[in-house]
Every structure is written in structure tokens, then in C-alpha cells.
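**Student:** The structure under discussion is supplied below as C-alpha cells; questions concerning it will follow.
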Amino acid sequence: MTDQATVAPVGTRRVRTTGWLQEYGVYLAVAGLLVFNLLFTANFLSTANFRTQLVQAAPVCVVALGMALVIGTEGVDLSVGAVMSLAAALVPLYLGYGVVPSIVVALLVGLAAGLFNGFLVAYVGIQPIVATLALLVGGRGLALVIAHGRLVEVHAPAFRALGTDDVLGVPISVLVAAVLAVVVGLLVGRTTFGRRIVAVGGNRSASTLAGLPVRRVLLGVYAICGLLAAVAGVLATARLGASDPADVGLLMELSAITAVVVGGTPLTGGRVRVLGTVLGALLMQLVRATLIKHDLPDSTAQMVQAAIIVVAVYAAREQSSR
Amino acid sequence: MRPSTTPRAADRAAAETSRATPASAARTRRQLLAGVLQRQGAAVVLVLVLATAWVSFPRFGGADNLRDLALQSSFLAVIALGMTFVIITGGIDLSVGSVYALGGVLAAYGSRWGFLGALALPLAVCGLIGLVNGILVARTRMAPFIVTLASLLFARGLLLAITNEGATTYQIHGGSAFLQLGRGTVLGLGVPVYLALALCAAGGVLLRHTRFGQSVFATGGAESSALLMGLPVARTKIVVYTLSGLLAGFSGAMTAAYLQSGVTVIGVGTELDAISVVVIGGTLLTGGAGTVLGTVIGVLLRNVIQNVINQIGTLDSNYQSVVSGGFLLAVVVVQRSLARPRAGR
């Protein structure tokens, strides 16, 4: 799978070393954590455990894929958690019409939210962080209004199967995440759209001058991000067996940005690393699981996560300062 | 107004500098209009909402309700004051919600050592978190929203660690003088109202009439120009983030005194409220322009709307964030459309 597309900077050896670390650090970290757990964590090497880890990482991974595209254009989407919550709130409303229509409605609303963000960024010219902040503030409130602030249990067996069943021994949510990762990987590596994302993020004015449809690219990227956030919202609802708009996707923007940045996509754009993003999501999940399995409390897990973010962004910064 | 061949950065720098010094004659009429709308837009809306609420809801104008409104606004106003400084330097501080909650818990914890302990502990720790934010932003040039997102997590983690994973709520014992900071009243109004007013007045003077305030504007308006002029850009950033941490911690301490305990679950999403009210008050998120008075108006507007939603009663309280989000969006779009000719894009 073609995983990266780079506007390669010609650098000194030092830049190349840090660049290498930024690029492959996440693989090393995941491998290191796996080895550590195999050696020191009881009951780590079991199918059930691996399933749990993958299922828990799946929603973050799906959101992070969209976020990677947005960050590749030198943007950011803070509204992903709110979009997940919107999708979750809508699912039970339309379950009466069948499972497929309810999912379609949720996904369409996610797409619309993404288009809305993209419109603000591309056509109105608002900074991404501000444009998506409005939806972050309002989106969850809207979801809670729609759901009357309540948690609604979802009983439709066909819908719950999404969260509980396997296909060929792989949980459906993990399968969805994997398929989406491949699709996004192909999109970035093999299509004109992917090349344009990287170009727009690398140098927006040059892309405009070169006649690229910069605005349409931005619109598309935010639309995809919104759509994927809605997918994650549906998956999370299916797994929980209930629509919980107050809680679904809380702080998801943070987890997704972390996964992307840890995976080697710089916040300054111009580069999208899809496989790195997937591993970044896995890494954050593994860190959390490792701490929990060794009976370290949630508070410590949060502080460690904070430290990882700072270190990862610090490393990424070295490479991008030209 | 300027030759179109001027590089954008320089153009922006010139525009921002002229904004930073209000007396500059270089302002065009359009800029003036934009400035007036930015600053007074929220005030006009506030007056309209106040008038409507006064007429429509008999209970709104009651002394009790207004007293409550002022008290509730004072906690957010103190946080938003720090946020105003940070945003004017072109940064953002997402950690204030967690730091606010942490400040409350630390104040309740420190109250066992008397008034000074209850005040010094949260200020020291929260100030330190702000200082670290500032140093990371200023010295390593990492994106402010990432640095402060990390400290959002860190502060919440620290809070959980000292409260036994959120299970312990420290109480402030009834006789403590510290309680006066939140529950005391002077001339019928709560002490936090006076404190918030005093802090905002001091902040306004600091921003408008001191050398430090000028370098805050210059840093956000055109960082490279500020550097070239020899302004202490890094130090300015470190100070504003420290200030933001201190103020959030202080607001948390006041809240703890008001609630008589260090509640662990407060402050989630408060950073969004603070950012919204600052932006609604006319401070540009791109940095370089803003006022403390605007922020105070933004806080009042937010809380008056919330109060009205509560008065209606049948309305879901979640409409509050929908209204906030919509208002934020409207303000940003208006700001953008007014700024468009100036930014030359």
C-alpha cells in the first residue's frame, strides 16, 4: 500500500535523522510496547485481548484517517467529536425505517457537517481552527437537543450486530476501519485528489498559482473528515448498544489529532501518512491498555498521554522548521 | 490603498500595526467601521437581549436574578480575561477549563492551612502550568492549541490523581475565612463580582496603557515585525500564558469558596465558553486586536441568554451551546467579511 506522498525537502543529515525518527518512530514505539507487554503483562497474548484492543482503537482510527487528510492540507478539524455525537443522536430516530436508512441519515448529516466546515474554510476564508470550533461548541448541544439529553438504548439486532458480530473472525468495526484505511491510503497515494491534498498543504499559494482547484480540495477534505467522524459515531453507538450523545466522542478531536501527529503527519501540512496514522491510533490505545493492565490509574494515563503529545509534536517540529 | 505588489505579510504587518496604535491616522474609513462593528456589535446585541428579557420575563429584572447573573458571570469573566490576552497575542489556551477545576480542588485542599494556603496553592500550581504552556509555546514554537490541549489532559489527570480518581471531594470547613471569597457579599453583591470587576479593570489598563500591553498587541499583530523592533516577544507570550493559568486557577478558587468544596467535575468545556465570549466580544482570533471590555460584554451576553433560556423553562438547556455556537459563527463570518479587503485575499 502506498502510504506516503511527500513534498520532499532536501535536508542536512540532522534533519534527515529527526525526519527518520518522525517517520518511523511510531513503528518502533508500537513494536517496543508490544514486546514489553508480551514480556511483562499477564494474559496479554490472547486472541480475546487483541480483539479488545483493536475494537477499542477502531473509532479513533476511523476519525484519525479523516483528520490526517485535513491536517495534510495544513488545517485541523476540532468538530469531529461533536459530529460523532450528532450521528449517534440521529441513529435511534430513524431506526423505525430500518437499519440501513438510519445509518445513511447519520452519515449524510456527518457529510453535511463536513461540507459546512469545508465551506467556511475554503470559501469564506476562516481559519480552520475557528471554523470548526463553532461546530464543536454547537454540535453536541444540537445532538443533545435532538435526543432530549437522554441516553437511548438501541435494540435493533441488525444494528447491534455491527458492534458485536464478526466476519471471518474479525470484529465488524475493525474490518470497517481496515477497509477505510486502505481506501484512504489509495486515495492519498494513487489519485489526483491525493496529490492535490499534499500540494495544497505544502504550499497553498503555489497550488493556487498552478491552477489547482484549491477550494474544492479543501471542501472535499473536510467533507470526508465529517463523513468518517459520522462512521465512527455509528460504530461507537453500535458497540455501546445505546445512543449516548452526551458522552460519545468526547475529546475525540484530541485523540485523533494525537494519533495523526504521532503517526508522522506534521501539523504544518504537505504530507499525509496513512499507515502511520493507523499505528498512531493503535499506539495510543496500547499505551492506555498497558497502563491500565499494570494497575496505574486513569489519572496517570492522562498525564502520560499529555507527555506523549508534547514529545511527538516536538519531534515533528524539528523536521518541519525550515 | 496599498500597491498590490506589496508582499502579503508586510501588508498585514502594516495593517496590524495601524490597528495596534489606535491613534494612527492611517486608518481608512472601512477599517474604522469594521472596528466599531467589532467592538460595539456585541454591546448592541446585549442591550437588545436585555431589553427583550426585561419586558418578556417579569422575573428577569428582579434583584435576586440580577444578583445571580452578576455572580455567575464573574467566574467566567476572570477566565476569559486571561484568554483575551492569550488570543490577542495570536495564541489560544485550551487548558483553562481543566486548570479552573484543578484550581478549585487545590483551593479546597489547601484550605486546611488557612486562608493563605487556600489561595496560594492553586495560584502556584496553576501559574506553573501556565508558565510551562508559555515556555513551550514561546521557546519551542509548537502550536499553542497542541501545547494547551496536552496541558488540558495533564491538569485533568493531576486533578484526578489528587482526588483519588475523582472519588474524594475536599470540603472547606464552615468557619474558614476563605469562604468569604466566594460567598461573602458587599452592598448586596457577591465578593466575586467585585474581584472580577477589579481584575478586568486592571487587565484593561494593563492592555491599553502599559508597555507590556503594547507588546501583547504587537506580538499578535505582526510577530516578525515585533521581533525586528526588538520587542520581547517570547517573554510576552510566557507572561500571557502564565497570566491565563493564574486567572483560571483564581476563578477556580473563587468557585470552590462559593461551593464550599472542590468539585471535581466542573470546568469541562469551559475553555470553549471562554474562547466564545472573547471572540463574541470582538477580539480577533488571528491576534493583534481586542478589548477587555468586549470580553466582559461577551460574558454578560452569554449568561443573559442562558438566563433567558432557563426562564423560558420549556426550552432544553442544551440550546445554550447551540446559540453560543451559532453566535460564534456569525461573529467570525462578519469579522472575516469586514477584514477581507484588508487581508487582500
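Every residue, even glycine, has its Cβ placed from backbone N, Cα and C.
The region 'Disordered' annotation in TrEMBL covers B:1-23. According to TrEMBL, the transmembrane segment annotation covers B:40-57, B:69-92, B:112-138, B:145-164, B:184-207, B:238-259, B:274-301.
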**Student:** At a C-beta cut-off of under 8 Å, are there same-chain residues at least 6 beyond the transmembrane segment (B:112-138) that contact it? List them, or none.
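**Tutor:** Residues 91, 93, 95, 99, 102-104, 106, 144, 147-148, 151, 154-155, 158, 172, 176-178, 181, 233-235, 237-246, 248-250, 252-253, 256-257.
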**Student:** Can you work out whether the transmembrane segment (B:184-207) touches the transmembrane segment (B:238-259), with the criterion being 3+ CB pairs under 8 Å where the paired residues are 6 or more apart along the chain?
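**Tutor:** Yes; at least 3 Cβ pairs under 8 Å.
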**Student:** Under 8 Å, at least 3 Cβ pairs, sequence separation 6 or more: does that hold for the transmembrane segment (B:40-57) versus the transmembrane segment (B:274-301)?
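**Tutor:** When sequence-distant Cβ pairs are counted, the transmembrane segment (B:274-301) touches the transmembrane segment (B:40-57), since at least 3 lie under 8 Å.
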**Student:** Go through the chain and flag residues at least 6 beyond the ends of the transmembrane segment (B:145-164) whose CB is under 8 A from any CB in it; none is fine as an answer.
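**Tutor:** Apart from its flanks, the transmembrane segment (B:145-164) reaches 92-95, 97-99, 101-102, 105-106, 109, 125, 129, 132-133, 136-137, 170, 262, 264, 271.
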